[in-house]
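Features of the protein shown, as given by Swiss-Prot:
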type     : residues        : note
BINDING  : E49, D122, E125 : Mg(2+) binding site
COMPBIAS : 216-228         : compositional bias 'Low complexity'
DOMAIN   : 7-136           : domain 'RNase III'
DOMAIN   : 162-228         : domain 'DRBM'
REGION   : 207-228         : region 'Disordered'
Amino acid sequence: MVSTKFLNKLKNEYNIEFNNEKLLEEAFTHSSYSNEHPDDGIRDYEKLEFLGDAVLELAVSNYLYRHYPKLNEGELTRLRSNIVRTEGFSEFAIECGFQKEIHLGNGEEKAGARNRKTLLEDVFEAFNGALFLDQGMPAVERFLHLTVYPLIAKGEFDDSRDYKTDLQELLQQNGPVNIEYSVISESQLPSHFVVELKINDQVQTQGEGHNKKAAEQQAAKAALQKFE
């Protein structure tokens, strides 16, 4: 069973209460657990993952179409790909408290599967598949408005410009320059990184993001605005 603490988190932070809690249990059940505990009668999350993958792609596509009217089809596709890749959804799974609720078989638990990014991505997709079946697309959209969409709006998935490369090329026009990125703050719940950018050992800017890469890009972007 999922914990009471987690159910309260869903209710208080995301305003989610499942009508059919068996769907929620299924969303967090790995095949290794269901194989080891057949008498529990809980299916694994693979079919919900299949559904959730399609639900999330549709929801994100709809959001991008409505909020980024100036992007062409190729740019929208690239941005959507950045959002739905493994690393992004795995971090959301951790932030939402899914990681601790996953039911794993003994072998997978010992192998560290609970920290495996691909598994966490699967669980995030399965949860959204379960939420879709339980309450429909509007509930999924409300959940994403509290989790995924704010980071899209902040530009954390936009790689249309590589600020780090642009900064390096700008600064090295007149010779070698030492550019250093250092993580000065990191938290997991929610995932949040602060990176400090030094140029020739002098602190220039800081950047924040949901992962190290995003924070580095934000620090480089701030430096470009400073030097351009």
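Cβ from N, Cα, C; glycine included.
Taken residue by residue with DSSP, E49 (Mg(2+) binding site) is part of a helix. The list of residues near the region 'Disordered' (207-228) in space but at least 6 beyond its ends in sequence, with Cβ under 8 angstroms from a Cβ of it, reads 87-88, 91, 151, 156-157, 159, 162-164, 166-167, 170-171, 181, 183, 190-197, 199. When other Cβ atoms within 10 Å of the Cβ of E49 (Mg(2+) binding site) are tallied across all protein chains shown, the result is 20. Each residue in the compositional bias 'Low complexity' (216-228) gets a DSSP state, and the totals come to 12 helix, 0 strand, 1 coil.
If you average pLDDT over the domain 'RNase III' (7-136) in this model, you get 93.
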